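Listed features, source TrEMBL:
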type   : residues  : note
DOMAIN : 1-39      : domain 'Fibronectin type-III'
DOMAIN : 42-140    : domain 'Fibronectin type-III'
DOMAIN : 146-242   : domain 'Fibronectin type-III'
DOMAIN : 246-335   : domain 'Ig-like'
DOMAIN : 421-508   : domain 'Fibronectin type-III'
DOMAIN : 512-601   : domain 'Ig-like'
DOMAIN : 608-702   : domain 'Fibronectin type-III'
DOMAIN : 705-798   : domain 'Fibronectin type-III'
DOMAIN : 802-888   : domain 'Ig-like'
DOMAIN : 958-1053  : domain 'Fibronectin type-III'
DOMAIN : 1059-1153 : domain 'Fibronectin type-III'
REGION : 1037-1069 : region 'Disordered'
């Protein structure tokens, strides 16, 4: 079809069409003459029906369609307007109007307009309608509505004060004023109280009324349109005086009082009200108002003012109101800050010398002793102590007494003297052949000055003189010594303290000991590249020999060992994972041997996984297996990193960074590719050493079995078989095929032939024997499954039905060139060959020659023409059957002429022509057509542009709404909708492509055509995200791809979690409640990340959210109303969504909860406790109770507040005693813990038994009793 344009109206034309292909132009097909004219006329005129919805700037014009559309559909209507003051019609619509109503906008207010409408079709504009009458652009106006809220504000005996609000509707015009009307209650005649033009205010006082007469009152609003509807006050109003008791308005600051400095000013202003106006009076409590007070009075306030205030103005100032309705008074306190006045009633009397008394250490001092003398006068007292010694040190008190009372002043006196001797215990320890250790306590008396140092003296028992013992002077071995010690302060050397007994300087043998602290008895952890230090105190006599060893190997050069008589230390710098293990320390001397071990763990990244292997190698995947590293780096293996590398590359790429198992299947490998693989373990300290495949791995598998096996020929000692290629070669080239044979009755298969082609002849068969055959494909990965011939074969000469082996079904040749077609065939006995063309026997001519041999038939064409085009059929027949095949011959030449030209549409300037393609297209695609025109008055043909020949259909549009459903960790279903357009050709199939989130490449996933609108994608990697797109395909080709689906993670289905269990109230106060609940039975496949708590009063219907999300299974709801009853519910929250609410809790009232006090004693407190003499011990007793109980500890005959330290919190109490003695044991009484709460006494008895010797144990027992 083609439209010829730019023709002249009224002229007569002739048209012709020629087809074009790549071999030339066909003969022309000519049309009959055609005259150019339109087949339709412009439409009639519409009829305007009405102009409505008139406002100040718009109107709506409505009309009826024309009676005739002129033979062509009406495209649009044209609406025009004209102002009364103008002369030109103006178009109102810029866009096409197909409706029969149009809103004309943009009019000028108070202007008058007329309108007309015309219709338009393909022939042009029709005649306009008759114009309308003139319409004025203005908004509609009405009288105003009634005023609102008319009410009485106040009344007197001859007036009424009223007020009102604006009307809800002003009628479209501004409110100009209001009028007020009044009439007596018993009359119906209304009297105007306001000017006729009205009032501009919303309040009016009506005067000159009769006292106690009832009146009706109404108010109306006025605008330009007139007076609106009235609104009356409810009921009636009566003019009368209102009586109000007086009131004072005292603000909060005045109630607190006024503080002012002397010389300042005071202003007390107080608001007031009352009817009739009250009388105002001011007064001062306990005094009269001074002359400087100024008082102001008015109808609504009164004020008292004072300037230059002094202390005499301090006091309460009282204001009082009084009228016929009552009285009221208030006071304001005023404080003036000034210097104090003179003291009152000052008098001095009863002063005596005997009123002074001296006391020393609680005993009164005798004034008559020779050592002490007291001198007292009226103004002072002196105590004189003669010949002071350190015994005079102490606390002195002087007490003064008279009728006014008693006063005691303490005085501390310290007399400086030489210190006393050091006190016991004086101990000797650590005796060796040349040394010993001495210890002592400070003197009980330091002489009033700090002890600066001590002097130690020694004496051999065989001598009488004492010598000073220097710290570095060694003792003589086997000598016997005495020692004494003196303290020294600033006053001199004190008395010596002798150490009882003598000491012989002899070495004592001591077996070696290793003192491992608690940290070394645990596992010692050190970060890689750090320093390991093992410091161990040791002892033994003589000094033991130190030896360090490592259990699983020898030390490296990095190990440094230091040993002394008191400690040994092992140091390793820059440690690594190989320094982990058990380190053994051995001490040895002549008294014995001692060994201890220390476990060391180096915190490092893991070592390499072990037993790494590649299994299950397939055409596009492999499975990797390994075992965890021997060394985990001191931390749990969190995951493994699996990587791959193509043999042609040097860099590894990550396959997964989060493998949590010791196996992984790598998918989507390049078929036939050669790869290296490696795995690394990961812990919290980093990525470990990699284990790598030593040899490259080719991604391939044994091939699939060969296709259908057929018998080609059979003789008495041979059989010829053929087969099809395997559907897949397993990713590696097929090397050869094994053809195996099996004789009837035997289970053994023998290789009869090995070939590299798809046909083989097996020789050496026994005539008349029955054989089975099968074919196996072989590649470098191994052998395929065998493909058997379905039926057994008997080795004998047989008739073979003829077969034809066509190389091609269609042959093409350029016109004028020669063509030869050879057709191989097979059959036994030799088949007879015959040829046909287009169903008729083919006769040999000078241009067609046929030659037939034993195995083929050959037909030759000389100087081909379009007469040789057609379908040729070859038939071969023998006694076993007949076979035929069809061959198409195409001669490439210019096409034949088009046919069946017709005129589809004629206008005044164009014509549309259509025709059918040529019966013979020249053996190739028609590329275009040439259309020519000629005016019948001339002989010259004018050529149009060549018309490109397109298929009668196009590619389809894109598929729609690609969605994902039925998602699991291994597969997901892709669904889509058909394209909006199939392009004119049925959609034959769909192509689905997939892309991983981390990849840039789209991969086709359907190998076979997909005709449905769903497809199941499999072999996905768990937790990977995928997106999909779909192509539609028809005869014209592939559509553009659809929009990608949303990214979808391959994971098992997840749902919102189930609700938690029913919440339980475990505690409450007057404004809060504490809840607990259990986790939901199901998390829906996604971890529960929190809970939402809701509450409401039992009588309410709306739930309030107490907390949007909390991670705990307990929560305290605060802000509750005391005494109200509440219920609660909880929802589980996961990443998938929110669960249904839990069952509602039992109702609970918000009030303080009372709990009986109880001791919360666990099993640990009932076990045996070990306490050594002189050590401290602590008894801890947990308890519960509401309100919080008070706790008291007691023990027979002992004040525990002095003997021990007691610490009590809201939940537990503890008692700690220092330097335990036998008097703390259970045999000397019970420790009694008493709790008091809610009028109950709860007691707990603690049995404490002391071990006087090291190693003794005693039981700590707790028991509970309740005492009312």
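Cβ atoms are placed via backbone N, Cα and C, with glycine included.
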For the domain 'Fibronectin type-III' (42-140), residues assigned helix / strand / coil by DSSP: 0 helix, 40 strand, 59 coil
Cβ contacts under 8 Å made by the domain 'Fibronectin type-III' (1-39) with residues that lie 6+ beyond its boundaries: 71, 123, 814-815, 892-899, 901, 903-915, 917-918, 921-937, 941, 944, 946-947
Selection from 146-242, 246-335, 608-702, 958-1053, 1059-1153, the stretch that has most Cβ pairs under 8 A to the domain 'Ig-like' (512-601): 608-702
The domain 'Fibronectin type-III' (146-242) touching the domain 'Fibronectin type-III' (608-702) per 3+ Cβ pairs under 8 Å rule: no
For the domain 'Ig-like' (246-335), mean pLDDT (0 to 100): 88
Chain residues in Cβ proximity to the region 'Disordered' (1037-1069) (below 8 Å; excluding those fewer than six residues from its ends, i.e. six or more beyond): 955-960, 962-964, 967-972, 974, 976, 979, 983, 991, 993, 995, 997, 1020-1031, 1075-1086, 1088, 1091, 1093, 1113-1114, 1116, 1128-1134, 1136-1146, 1148-1153
